[in-house]
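**Student:** Attaching a single structure in structure tokens format; questions to follow.
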Amino acid sequence: MAKFALSGKNPLQGEIEVRGSKNAVLKVFASSILFNKPILVKNAPLVSDVFKMGDLIKGLGGKIERQGERTFKIFGNKTDSFSLDKEISKHLRSSIVLLGPLLARFKKVNFVYPGGCVIGKRPIDFFLNGFSKMGAKIKENGESFAMSTKELKGAEIFFRERSVTATEALMMAAVSAKGKTILRNAAQEPEVKHLADFLADSGARIKGAGTSVIEIEGFGDKIFKGLNPREEKREFMTPSDRIEAGSFAVLGALLGKNLVIRKIIPEELSSVLACFDQIGIRYELGKNWLRISKADKIAGLNLKTEPYPGFPTDLQPIFAVLLTQAKGESLIFETVFEGRLEYINELNRMGAKIMLCDPHRIIINGPTSLKGREMESPDLRAGLAFTLSALIAEGKSVIHNIEHIDRGYEKIDERLQKIGAKIKRISQ
Ligand code: EPU
């Protein structure tokens, strides 16, 4: 198990580049199973979740060739099995998006309840109900499921809540279904649109991705002829990760000295920048960069996480660290996941004043000065929040379980060192 040793209060300066979006690239890897030719994915972030998704595809018989540092050629067309590796799936929530393409290719799929970050119950009912509406029969045996169908049929599916992965999995299945599928109350996250645009470029008939109603005209039996256009159309250039960009922006507001964050997509950061504007954090925004320095004064904020374009739940713990430095009272209302506030105990042990009001709400009183300590990263985003808190704290900290952080942030220690952070990886 590896850990980070950090010491705080060092200004961060120079430039840092945002890597490709983890949550976009994972779904594009999965979509390779819909094609009868390989696809090429460029600018993939080198994070463990992406490698695990690659391992899942290889476990199904697919092939992956690395063609450059961040370029992967994925032969999802070579898959010859419809049973997902149990051990990997138990550690990767996004394994569930593979159900759509596997059902499309084999009309069958065996899988287990997917695991991943422990941030709430994370049910899979939207997937099961959706596939069942499209004609799949589902058998459950403890934690294992077997799904099969003679033919996927287009269907009208309404999501009780907006779910990113359920929208993506059903959208991919619908590409191969017979007839039209309409997804209502669909997730509008940019990752859904990036996937839809990639598939549409390759010939899929998808309309409305990025809005709450997505319509897909399926290919039925002709799926492998349908998704078979020119080679250059089977290339996906992974767009930048909006959560990493937002995390770096917060880091800049806490410790920056003219810190420049490169390769951002400003439009995807709108909710973050609106918060900055409201609480007095200044920044300079270019076409695809942001310059930011430590804010003199930060005001308190009432923050509510929401599906896109609202404020992202994945930045919620990171903003909690920011708000420990804000003057007065802040409220965070986490509406997406019911188990994503547990990290506050650790921040309180560092000196923060955060009160849990109910499982969804916390009140933060600030500013407080934090003191370094030894902590355990509970999940990916809280792990990065602890990294930020250690970097603004007095003295030294150690963060254990950094495997969680490596799931979504590529070599974060080396990249933060380059801008002046005192952070060292210790492998045991
Ligand atoms: N939900 C259900 N039933 C379902 C599916 C979801 O009730 O069958 C509920 C969830 O319990 C939750 C809400 O719907 O309350 C939204 O969950 P969603 O399905 O959108 O989450 P997800 O698709 O599993 C993706 C990202 C998460 C991100 C959320 C919200 C991927 C691989 N994961 O998760 O990213 O927090 O959308 O934007 O795309 C992360 O990267 O750290 C991460 C957790």
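Every residue gets a Cβ built from N, Cα and C, even glycine.
Annotated active site, proton donor per TrEMBL: CYS117, in sequence order. If you look up TrEMBL, you'll see LYS22, ASN23 marked as phosphoenolpyruvate binding site. Residues annotated as UDP-N-acetyl-alpha-D-glucosamine binding site in TrEMBL: ARG93, ASP314, VAL336. Marked as domain 'Enolpyruvate transferase' by TrEMBL: 8-416. Sequence annotations record features per position, and here TrEMBL assigns 2-(S-cysteinyl)pyruvic acid O-phosphothioketal to CYS117.
Describe the structural context of these features.
**Tutor:** For ASN23 (phosphoenolpyruvate binding site), the same-chain residues lying six or more positions away in sequence with a CB closer than 8 A to its CB are SER94, VAL164, GLU189, GLU191, ASP241, ILE243.
In the three-state DSSP reading, VAL336 (UDP-N-acetyl-alpha-D-glucosamine binding site) counts as coil.
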**Student:** Using DSSP, would you call LYS22 (phosphoenolpyruvate binding site) helix, strand or coil?
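**Tutor:** DSSP call for LYS22 (phosphoenolpyruvate binding site): helix.
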**Student:** Using a 10 Å radius around its CB, how many other CB atoms surround VAL336 (UDP-N-acetyl-alpha-D-glucosamine binding site)?
**Tutor:** 22
**Student:** State the count of C-beta atoms found within 10 angstroms of the C-beta of LYS22 (phosphoenolpyruvate binding site), not counting that atom itself.
**Tutor:** 26
**Student:** CB neighbours of ASP314 (UDP-N-acetyl-alpha-D-glucosamine binding site) within 10 A?
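**Tutor:** Here the count is 25.
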